[in-house]
Amino acid sequence: MLAKLKQEIARVGRTASWSWTGFRATWVNEKSLRQWGVINLISAFFVFYLPLSGGERAVLLALGLLILVVELINTAIEETVDFISLERDPRAGRAKDAASAAVAVTAIAGGLAWLVILFS
Ligand SMILES: Nc1ncnc2c1ncn2[C@@H]1O[C@H](COP(=O)(O)OP(=O)(O)OP(=O)(O)O)[C@@H](O)[C@H]1O
């Protein structure tokens, strides 16, 4: 039982370490992740500076982080497509465009949440 628990803790530790490696590599290589990181910091400043409710703060912070999540997935898709083949193919283009659209839609959701909260 204790051995199983130790094994599980070690596995969670390894997974966390790979996740951190993935985040750092994407941060270094992808300018857009760094840009969204800066936007998140600015947004977080105003989230705590303005007199917002706890619920409003939670929504704005969560949507900001969600943009980073989708940007990481976008990078994973781009890297996978390029790893499989660098040949031009409409399916590869559609996969990359769909991933990019996912980032855009998430960013619009974050922007809309800010607008609704500020002007309601
Ligand atoms: N193998 C391919 N076949 C067809 N079209 C492609 C292919 N690779 C890229 N494209 C097209 O070029 C666009 C840009 O792809 P690219 O891999 O250069 O992304 P990127 O410029 O690194 O994007 P980002 O700025 O989001 O990191 C894609 O969204 C897609 O429309």
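Counting begins at 1 with the first residue displayed.
Keep in mind that glycine also has a Cβ here, set from the backbone N, Cα and C atoms.
Among the candidates Glu56, Glu78, the one that TrEMBL lists alongside Arg11, Glu30, Lys96, Asp97 as binding ATP is Glu78. Listed in sequence order, the recorded positions among Trp27, Glu71, Asp97 whose CB lies under 6 angstroms from an atom of ligand 1 come out as Asp97.
In sequence order, Leu33, Arg34, Gly37 make up the list of same-chain residues 6 or more apart from Trp27 (substrate binding site) whose Cβ falls under 8 Å from its Cβ.
In this view, the densest Cβ surroundings among the binding-site residues Thr26, Ser100 belong to Thr26, judged by other Cβ atoms lying within 10 Å.
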